[in-house]
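As recorded in Swiss-Prot:
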- Cys17, Cys21, Cys24: [4Fe-4S] cluster binding site (BINDING)
- Cys61, Cys96, Cys154, Arg221: [2Fe-2S] cluster binding site (BINDING)
- 2-228: domain 'Radical SAM core' (DOMAIN)
Amino acid sequence: MKTIMLCAISSLSAGNCSEDCHYCTQSAGTKADIKRYKLKSPEQVVDEAKKAYANHALGFCLVTSGARLDDQKTEQVACIARAVGKEVPQLMLIACNGMASYDQLKELKNAGVFSYNHNLETSRDFFPKICTTHSWDERWQTNLDAKATGLQLCCGGIYGIGESKTDRASFRTSLKELAPFSSPINFFIANPALKIKTPRLSVDEALKIVDDTVLALPNARIMIAGGREAVLGERQYEIFDHGVSAVVIGDYLTTKGEESCKDIAKFKQMGFEFASKCH
């Protein structure tokens, strides 16, 4: 029987980011209609983790808004990771907290984090056109430091933000060099508050992106994340015919996802089992 890995997201904090990433509704200066809040309590996140596990999630991603970790935020995320690990030890903890130093990443690993998610987002050449407050090279270095600590790497990006086919190929070459454990694919969803005004990707183009990513990263778990429902619509479950082996269930950081119960029922109908441990 075929197996897929399900991942759920806990947005520990939201909004008020200092960075100007043009594709993100949490970025500086945007007036997007999103929830903005400071750090959730460990108890609140543990409750979310229990619900995620009940919905067959293996991965549980602890996400904070903002450009990077500082020592205080590192300890806060580590505290939450320890609390979740104690109450729901079956979950594979993923941290997604922006740019970080080797020592900060090591602290997260020691707190029970299995994998660090820090997306390159796009090619090195195109990145300055969609973000000016930090560099692609800083993102690259964080990924190298995460690998150096022994954390598994979760690294991918976003498509449909105005990048060329050459940018996509260059981006995938960089991912191939990093050799991540898992690689999320996000499809851009337009928002009136954002600077990017590109048309939505077609379903066929989105699936071609999936094909090219699977080909470039044969040893990685290819995960479809943001934009799955909006871009792929009724054809969203075709992703599994194109080599995808992981999906995000439930809501994303600032956009609604498919209802978990609907996804799970469909996955079962398709004959999938749910991964219960990492390989």
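Backbone N, Cα and C atoms are what each Cβ position is placed from, and that goes for glycine too.
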### Query
For Cys17 ([4Fe-4S] cluster binding site) and Arg221 ([2Fe-2S] cluster binding site), what Cα-Cα distance in Å is obtained after rounding to a whole number?
29
### Task
State the count of C-beta atoms found within 10 angstroms of the C-beta of Cys61 ([2Fe-2S] cluster binding site), not counting that atom itself.
25
### Query
How big is the gap, in Å, between the Cα of Cys61 ([2Fe-2S] cluster binding site) and that of Cys21 ([4Fe-4S] cluster binding site), rounded to a whole number?
21
## Note on the structure
Its Cβ having more other Cβ atoms within 10 Å than any other among the binding-site residues Cys17, Cys154, the winner is Cys154
### Query
Taking the Cβ of Cys96 ([2Fe-2S] cluster binding site) as the centre, how many other Cβ atoms fall within a 10 Å radius?
21
### Summary
Same-chain shell around [2Fe-2S] cluster excluding Cys61, Cys96, Cys154, Arg221, C-beta within 8 angstroms of the CB centroid, reads Cys7, Gly59, Ile94, Ser115, Tyr116, Asn117, Ser182, Pro184, Met223
### Task
Measure from the CA atom of Arg221 ([2Fe-2S] cluster binding site) to the CA atom of Cys24 ([4Fe-4S] cluster binding site) and give the result in Å, rounded to a whole number.
24
### Task
Count the other Cβ atoms sitting within 10 Å of the Cβ of Cys21 ([4Fe-4S] cluster binding site), across every protein chain shown.
24
### Task
In whole Å, note down how far the CA of Cys21 ([4Fe-4S] cluster binding site) lies from the CA of Arg221 ([2Fe-2S] cluster binding site).
26
### Message
According to DSSP, does Arg221 ([2Fe-2S] cluster binding site) sit in a helix, a strand, or coil?
### Response
strand
### Message
Between Cys96 ([2Fe-2S] cluster binding site) and Cys21 ([4Fe-4S] cluster binding site), how many Å separate their Cα atoms?
### Response
16
